[in-house]
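Taken from Swiss-Prot, the feature GTP binding site covers ARG8, ARG60, SER91, LYS152, ARG254, VAL255, ARG256. If you look up Swiss-Prot, you'll see CYS15, CYS19, CYS22 marked as [4Fe-4S] cluster 1 binding site. Here Swiss-Prot flags TYR21, GLY64, SER115, MET186 as S-adenosyl-L-methionine binding site, drawing on sequence analysis. Feature annotation from Swiss-Prot assigns [4Fe-4S] cluster 2 binding site to CYS249, CYS252, CYS266; the stated evidence is sequence analysis. The domain 'Radical SAM core' annotation in Swiss-Prot covers 1-226 and is backed by sequence analysis.
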Amino acid sequence: MNTVNYLRISLVDRCNFRCSYCMPTGEAIAYLHRSQILSYEELLFLVGEVFLPLGIDRFRLTGGEPLLRRGVVGFVRALVGLPGVADVSLSTNAYLLEELAEDLYAAGLRRVNISLDSLDPGVFARITGRDHWSKVWAGIQAAHRVGFDPLKLNVVVLPGINEQEVPDLAALTIDRQWHVRFIEFMPIGNTGYFEQAGWVNSETLRSRIRERFGLGEGACYGNGPADVFQIPGAKGTVGFISQMSECFCSRCNRVRLAADGFLRPCLLNEADQIDLKTPLRAGAGAAQLRELVSELLLRKPEINFRERDRGTTGSYGRTMSQIGG
């Protein structure tokens, strides 16, 4: 089992999209009140006094949609500036990125992951519930222009909806140093839709790309979940995150902090998550909080392998947007 050195921080559970794979269709979402969400000051304390001393020095900001939270640029600047922070990245739907890309880059952010599930505006609207393709594409172009590198585009592949676009999306990597990652649809966020639609395995997607362009040998870089390939002669890469068909639990190096302060050891695991907000607001010191986190980290290998054996068959109380992806 890899050393855990990576924390995904959900800044907010709200989102301005309603993606079919992320939120239950037709159901109201009970969003958190502002007082229930960890403040920026609390987050910086946890990072500086709890996570960094435990060797966790890589951070990704997620949501919901993290750019919806007021003051996000200032928080990025403060987080990047903490002594010992090795890397800060951000996942976004890019709706607000055209306006914020320059400020985020100036604040020290260098890496962004952007959700782009279709190149067809109509299909995009069907998946996201919003007719915002042009604004998202403008946000992607702004991120490219400002200089974010690597610039990664994440595609959740949905059977019969956007799976036919996989080769066209992969082609974005040919002339640009972009990295397009195809993600197997999994039953967190909208289990009813998953049961209805199913999923497409990564090897099928690779075969389709290989038929049109060819595809080099795959590799796994670092501790990330993606298996990375390259179209011959392309500037960028294509990756496959295969949580349904190709288990990568053994190389997992991350934990997830929800906006309300629950620390989750595994995307699939709710039973073992711990509450950091309550003891923090009750006056617990850094040493006590570090002990809580340390105990969870010690149990993470056993939790990971238990979840791997169980598979994605559980009942999940939180949507993907509430977990932070």
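A Cβ is built for glycine as well, from the same backbone N, Cα and C atoms used for every other residue.
Inclusion criterion for the binding-site residues CYS15, TYR21, CYS22, GLY64, MET186, CYS266: a C-alpha placed within 10 angstroms of the C-alpha of VAL255 (GTP binding site); this criterion is met by CYS266. Mean pLDDT for the domain 'Radical SAM core' (1-226) in this predicted model: 93.
In this structure the C-alpha atoms belonging to ARG256 (GTP binding site) and CYS266 ([4Fe-4S] cluster 2 binding site) are separated by 7 Å. Residue pair CYS19 ([4Fe-4S] cluster 1 binding site) / SER115 (S-adenosyl-L-methionine binding site) shows a Cα separation of 10 Å. If you take the Cα of GLY64 (S-adenosyl-L-methionine binding site) and the Cα of CYS249 ([4Fe-4S] cluster 2 binding site), they are about 24 angstrom apart, rounded to a whole number. Local packing around the Cβ, expressed as the count of other Cβ atoms within 10 angstroms, is greatest for CYS22 among the binding-site residues CYS22, CYS249.
When the Cα of TYR21 (S-adenosyl-L-methionine binding site) is compared against those of the binding-site residues ARG60, SER91, CYS252, the shortest separation belongs to SER91. LYS152 (GTP binding site) has SER115 nearby among the binding-site residues CYS15, CYS22, SER115, CYS249, CYS266, counting only those with a Cα within 10 angstroms of its own Cα.
Taking each of the binding-site residues MET186, VAL255 in turn and counting other Cβ atoms within 10 Å of its Cβ gives the largest count for VAL255. Scoring each of the binding-site residues (CYS252, CYS266) by how many neighbouring Cβ atoms lie within 10 Å, the top position goes to CYS252. Across the fold, the C-alpha of CYS249 ([4Fe-4S] cluster 2 binding site) and the C-alpha of CYS22 ([4Fe-4S] cluster 1 binding site) stand 22 Å from each other. Ranking the binding-site residues ARG8, SER115, MET186 by Cα distance from CYS22 ([4Fe-4S] cluster 1 binding site) puts MET186 first.
In the three-state DSSP assignment, the secondary structure recorded for CYS249 ([4Fe-4S] cluster 2 binding site) is helix. Rounded to a whole number, the distance between the Cα atoms of SER91 (GTP binding site) and CYS15 ([4Fe-4S] cluster 1 binding site) is 12 Å. On a Cα basis, SER115 (S-adenosyl-L-methionine binding site) lies 15 Å away from ARG60 (GTP binding site).
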